[in-house]
Amino acid sequence: MKNNSIRTVVATGIGAALFIIICIFVNIPIFGNTSIQLQYAVQVLFSVIFGSRSIIGFFMGFIGQVLKDGIQYGDISWAWVLASGITGLVIGLFGKKYDVTMGKFSVMSMIWFNLAQALGLLIAYGVVTPIGDKIQFAQAWSYLYAQSFVAGVANFITIAIGGTLLLAIYASSRTQSGSLTKG
């Protein structure tokens, strides 16, 4: 149990650090304070690899987004922090449907993965960010939903392409169970 705790803390710390670095240095602005964020593909990898501890995906996004907002903007948007965490959490919760640690990432696994990420993003950017920003910043609903929609779609595309590729590469690097036999 102790090793799992250490592994969880280390994975969360490394994941949050990668989240911040990628978010700050690799982003493509598209609308307001919204940009294409490639760190979500890496968050997916951590969320799935440590899926049985999906809390890693949550805290990687949560801590990473808090620190990124603080460093980059000097102000923290708690709704977007929660959205980043929820994205990692939901993807991790469904991780058994697309367990890449066994060396397989089939078409059906890819479909499950993208359905899970769509659900996570729908909750995060369809509900949490517009309502949270309305409470925190009192902005117009039309702006909030437009910004959340753009971010959700951009993140879906990023995760669908980048996340799927990272998971496929990771799966191909793992030994499939039963693939080693006596010759």
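Here the Cβ of each residue, glycine as well, is placed from N, Cα and C on the backbone.
Residues annotated as transmembrane segment in Swiss-Prot, with sequence analysis given as evidence: 11-31 (among others).
Residues 4, 7-8, 11-12, 15-20, 23, 81-89, 91-96, 98-101, 113, 117, 159, 162-163, 166-167, 170 of the same chain lie 6 or more positions beyond the ends of the transmembrane segment (44-64) yet place their CB under 8 Å from a CB of it. Marked as transmembrane segment by Swiss-Prot on the basis of sequence analysis: 44-64 (among others).
Residues 19, 40, 43-44, 46-48, 50-51, 53-62, 64-66, 112-113, 115-117, 119-121, 123-125, 128-133, 135-137, 155, 159 of the same chain lie 6+ residues outside the transmembrane segment (74-94) yet bring a C-beta within less than 8 angstroms of a C-beta in it. As annotated by Swiss-Prot, transmembrane segment applies to 74-94 (among others), with the evidence given as sequence analysis.
Positions annotated as transmembrane segment by Swiss-Prot, on the basis of sequence analysis: 111-131 (among others).
According to Swiss-Prot, the feature transmembrane segment maps to 149-169 (among others). Away from its own ends, the transmembrane segment (149-169) comes close to residues 30-31, 34-38, 40-42, 44-45, 48, 87, 91, 98, 100, 105, 110, 113-114, 117-118, 121-122, 124-126, 129 of its chain (Cβ-Cβ under 8 Å, at least six residues beyond either end).
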